[in-house]
């Protein structure tokens, strides 16, 4: 069951990590200018989580109605989350909303390749925060993975200069760069914070509960961005922006908006799902290894240059990915193969022929 969840979360995280930045950049390069609106879309797809939550609720209710179930008289809860976990999820959600704005601001003015490069630096900080917050244990394989991925991202930086879009001013480029750096640092803190929340929760953390946590986090993040949209007046100009969109007009615009919200939801759900199934470091490693893949898609979709350094970075990232998960496989195998202590047998007592 756990292996299946890991595979599912890896797939949806892959789709979200690669697709989210590309769709967001597509919006900004074709007439879209609403940064708060894009921040809103990053988590606005949370209602789709209600589908698996409904399935989980119906399954629990069916189980409680089973006459063989000792707890069949207890009323089935619609939500499993208790108040302390609810409050913690809101706080993390507000931080996520802020992170969404910072990242969307960066994507508005930076090429996908550059923003991916900057976001990739979160791995080193993710490892640091994981060590400080949840006492993450490092193995030679995980250390090797962090070093390889960090070096790969550093190689990408060799040709990051000179990629400023022609339509952007120097000030916009620099501010976008700094915003993306802060976004990387903040999300590197958020992932271990989610793992710490799991560990400190006073209730059993199950995958349905993880879905509830994700929904509350996204609801809080979306509310944060809605306030920003009201302040800057985004709601008043969306219809006009749709009509003036350069590709496909209003129909394509609204289709892009819906798909972007769904894809980004996959990113966040996959990220915290891997934190649940493995660790925050594992989630950070997978996100980092997918960044060069996003670079390749950016080259194809936006005709960004693909220098030799990007190819080397891609190979190093794949090497780091294999190194990390090979180490996890070996650690798991050692636990399985560890000899169990023999059962203690009671001594055989002599049977006396004497009958009282």
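Note: Cβ is positioned from N, Cα and C throughout, glycine not excepted.
Per Swiss-Prot, the feature domain 'EamA' maps to 35-158. Per Swiss-Prot, transmembrane segment is recorded for 4-24, 35-55, 78-98, 114-134, 138-158, 174-194, 213-233, 256-276, 282-302, 311-331.
Pairs of Cβ atoms less than 8 Å apart link the transmembrane segment (256-276) most often to 4-24, out of 4-24, 78-98, 174-194, 282-302.
Tertiary neighbourhood of the transmembrane segment (114-134): same-chain residues 21, 103, 106-107, 146, 149-150, 152-153, 156-157, 160, 163, 177, 180-181, 183-185, 187-189, 191-193, 195-196, 199, 279-281, 284-285, 287-288, 291-292, 294-295, 298, selected by CB-CB distance under 8 Å and a gap of 6+ residues from either end. Ranked by Cβ pairs under 8 Å to the transmembrane segment (174-194), the stretches 78-98, 138-158, 213-233 are led by 78-98.
Of the ranges 4-24, 213-233, 282-302, the one with the most Cβ pairs under 8 Å to the transmembrane segment (311-331) is 282-302. Counting Cβ pairs under 8 Å to the transmembrane segment (35-55), the stretch among 4-24, 213-233, 282-302 with the most such contacts is 213-233. Helix first, then strand, then coil: DSSP counts for the domain 'EamA' (35-158) stand at 96 helix, 0 strand, 28 coil. Long-range contacts of the transmembrane segment (213-233) within the same chain, counting only residues at least 6 positions beyond its ends with a Cβ under 8 Å from a Cβ of the stretch, are 34, 36-37, 39-40, 42-46, 49-50, 53, 81, 85-86, 89-94, 96-98, 100-101, 194, 197, 265, 268-269, 272.
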